[in-house]
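Taken straight from Swiss-Prot:
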type	residues	note
DISULFID	C25-C57	disulfide bond
DISULFID	C32-C51	disulfide bond
DISULFID	C39-C58	disulfide bond
SIGNAL	1-22	signal peptide
Amino acid sequence: MILYLLFAFLFLAFLSEPGNAYKQCHKKGGHCFPKEKICIPPSSDFGKMDCRWRWKCCKKGSGK
């Protein structure tokens, strides 16, 4: 029972820290969006960088 609680706590701890997951993208002032989203203007599309698979980095507020 204790192991289940410990696992749940650690899992939630990792989920609650999304800002630390994509440091390269965030350093450019960006945020990770699904690859299908369009970054506006196109110059705000930083590419994949360190976002997860099939996601890309866009300047914050540009994902539409």
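Backbone N, Cα and C define each Cβ position, glycine as well.
Overlay of Swiss-Prot feature records on the structure.
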residue: C25; record: disulfide bond; DSSP class: helix
residue: C32; record: disulfide bond; DSSP class: strand
residue: C39; record: disulfide bond; DSSP class: strand
residue: C51; record: disulfide bond; DSSP class: coil
residue: C57; record: disulfide bond; DSSP class: strand
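In this view, the densest Cβ surroundings among the disulfide-bonded residues C39, C57 belong to C57, judged by other Cβ atoms lying within 10 Å. Note: the Cα of C51 (disulfide bond) and the Cα of C57 (disulfide bond) are spaced 7 Å from each other.
Among the disulfide-bonded residues listed (C25, C39, C57), C57 has its Cα nearest to the Cα of C32 (disulfide bond). Its own atom aside, the Cβ of C58 (disulfide bond) has 26 Cβ atoms within 10 angstroms in the protein chains shown.
Cβ-based neighbour count (10 Å, all protein chains) for C25 (disulfide bond) stands at 24.
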